[in-house]
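> Have a look at this one.
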Amino acid sequence: MIPLTPHAIQDPDDALAPWRRAMRDAVRDPFELLRLVELPATTIGDAAAAREFPLLAPLGYIARMRRGDPNDPLLLQVLPQAAETAEVPGFITDPVGDLQALSAPGLLHKYHGRALIVATGACAVHCRYCFRRHFPYAESGASHGRLERLIEALRQHPEIDEIILSGGDPLMLDDEKLSAWVKALEELPQLRRLRLHSRMPVILPERVDEALLGWICSTRLQVVCVIHCNHANELDHDVGEALNRLRMAGVSLLNQSVLLRDINDTTETLASLSLRLFEFGVLPYYLHLLDPVAGAAHFNIPETHAREIMHNLRASLPGYLVPRLVREEAGKSGKTDIPPLDTGTRLQPESG
């Protein structure tokens, strides 16, 4: 009998995909986060805010933060702060009217020709400005058991030719489930495009693995991935490699950002982001004004300042690198384009 050596005993972790291990090891304690970025526990951070909306940040994302800098733009996106507990008039729990747009559990039908599936409430990171931080996922989100009902609801709308998988983050689901969902959607003959709204390629680039690329390459649907990146510092080498793998699999890549006070609210910061995105094969798509969600008012900036930034951005970059400044409003049939400060153009809803 050959005795087992430590190397011959399989570690249970070996069965976990690298991205699953990264999620298991993600930081959930604000004081641990502050320790890792070499900041005193007394400087910033708030336990009450963390209880209301827990901290979650993978170590790989934390590694991109500047040490000893309480104003680091990546840190400010994820660290719970006391300002989140303030009640601010106009900042509500459902700022974009998701609940009134539910046509079936987990299915949002706001725009002509498109429908959005709230695939999961899970994310790889908890962004403090998240407009769905109060969304009732347990009652209103999609699930595998509800898939048949979703498909049947979509059959009643032959005009829908694009499905958006959102959440949460749809890429938090395992690939077996995602593949099953996509195969079920493919049975709807009117569908032509599948859009993934995901922060995973930025936060956890190891998620873009062979299993994910396998079902993406096998679907008949055109796949578009709209990543969510707010600052050029989020885009390191590993993120670039993940985005390149998606591009090589035929995925069209777009980016949407949120305009956030003290994080990316300057022309220079946004210009750097657009240039870095384009280096990685991603086109800037939307720059959202902050959705007025309860707990995020401290990220808000005046619309006039946003319009001034856009005016300067248009003067600094070629047109294809300038995202559209938009606002999403409850009950509207599309996003509202916000013109640069000097145009005086009347605000019009834009489908998309």
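Keep in mind that glycine also has a Cβ here, set from the backbone N, Cα and C atoms.
The feature domain 'Radical SAM core' is assigned by TrEMBL to 109-332. Per TrEMBL, the feature [4Fe-4S] cluster binding site maps to Cys123, Cys127, Cys130. What TrEMBL lists as region 'Disordered' is 331-352. Here TrEMBL flags Lys335 as N6-(pyridoxal phosphate)lysine.
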> Average pLDDT across the domain 'Radical SAM core' (109-332)?
94
> Taking the centroid of the Cβ atoms of Cys123, Cys127, Cys130 ([4Fe-4S] cluster site), which other same-chain residues have Cβ within 8 Å of it?
Val125, His126, Arg128, Tyr129, Arg132, Arg133, Arg199
> Write out the long-range same-chain contacts of Cys127 ([4Fe-4S] cluster binding site), meaning residues 6 or more apart in sequence whose Cβ is under 8 Å from its Cβ.
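In sequence order, the residues whose Cβ lies under 8 Å from that of Cys127 ([4Fe-4S] cluster binding site) (at least 6 apart) are Gln77, Val78, Arg199.
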> Measuring Cα to Cα, how many angstrom lie between Cys123 ([4Fe-4S] cluster binding site) and the residue listed as 'N6-(pyridoxal phosphate)lysine'?
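Distance (Cα to Cα, whole Å): 24 Å.
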> What is the Cβ neighbour count of Cys130 ([4Fe-4S] cluster binding site) at a 10 Å cut-off, with all protein chains included?
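Total other Cβ atoms inside 10 Å, all chains included: 19.
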> How many Å lie between the Cα of Lys335 (N6-(pyridoxal phosphate)lysine) and the Cα of Cys130 ([4Fe-4S] cluster binding site)?
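Cα to Cα, Lys335 (N6-(pyridoxal phosphate)lysine) and Cys130 ([4Fe-4S] cluster binding site) are separated by 17 Å.
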